[in-house]
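Quick notes on the structure that follows.
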Amino acid sequence: MLRNISQRLNMSAIQKRLVAFDFDHTIIDENSDLYVRKLLPGGKVPEEIKSIYSDRGWTKYMGAIFRKLYENGSTKQDFLNCMNELEFTSGMKELLEYLSEKEDEVIIISDSNSFFIDCILKESGMLPHITKVFTNPAKFDSDGCLLVDYYHTQDWCDLSTVNLCKGHILDAYVQERKEAGVTFKQVIYVGDGHNDLCPSLRLKSSDFVCPRKGYRLLKAIRNIKDETSQPLLAKVIEWDNGNDILNVLQSE
């Protein structure tokens, strides 16, 4: 009898809430990939690099920008200084601190890169509040050039880019935690962009999707029938700043 009570208590203890965030225009107010272009002469992208974006996608495009910055003499410290100028979206630090206090699991799923995100989280002191980050891996080579690679290569999701299916990552994380004995009573997804639609569609009716006002995810949700035949089951919380989400969670 005592053993059964103990087992029930243990099961209750591992019922958690998972909150998944995009990074650019969500946790931070700017787009880190766009912001770093200020290091280019005049802040302008050369025409030969612009063509890479149209032909080969965003990650290859950013790789070419990093190569050009290296050729122009930009150093790791220049990148660090640039990233440290970026500010968190209003209310986001408070939201992350609240989730951490509640012992919720907080993950980031972003099409930025690991160097930028790690730099910003460490400088801000927010890194301890993040359980795990999923993004394109980036590192400096022995010459000092920042290299970025695909997180993965996918061909199964038309709503996502070739290098990052956020819905797949979200589902895989939930399954991974389940196999480790942790289940989630609720999943909340917070984002702004069109590539945040895929994970939003993976949510259940007990979950929340939080699209930022004035950005593409909210437009896609409002016009969901034009985007996909899949239904959106999650409840929608529109937000301008982190306090909008925090207020809803505190009132539950």
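Any Cβ shown, glycine's included, is placed from N, Cα and C.
In TrEMBL, annotation is done automatically, which means it is predicted and not curated.
Long-range neighbours of ASP24 (Mg(2+) binding site) (same chain, six or more residues apart, CB within less than 8 Å of its CB): GLU30, ASN31, SER32, ASP33, SER110, ASP111, SER112, ASP192, GLY193. Summarising the annotation, TrEMBL assigns Mg(2+) binding site to ASP22, ASP24, ASP192.
With a cut-off of 8 Å between CB atoms and residues at least 6 apart in sequence, the same chain places ILE108, ILE109, SER110, LYS166, VAL190, GLY191, ASP192, GLY193, ASP196 near ASP22 (Mg(2+) binding site), listed in sequence order. Residues or ranges marked as active site, nucleophile in TrEMBL: ASP22.
Look at TrEMBL and you will find ASP24 tagged as active site, proton donor. Classification of ASP24 (Mg(2+) binding site) by DSSP places it within a strand.
According to TrEMBL, the substrate binding site annotation covers ASP33, ASP111.
The Mg(2+) site is defined by ASP22, ASP24, ASP192, and by the 8 Å test on Cβ atoms against their centroid, the other residues of the chain that qualify are PHE23, HIS25, THR26, ILE27, ASN31, SER110, GLY191, GLY193, ASP196, ARG212, TYR215.
Under DSSP, ASP111 (substrate binding site) is assigned to a strand (E or B) in the three-state scheme.
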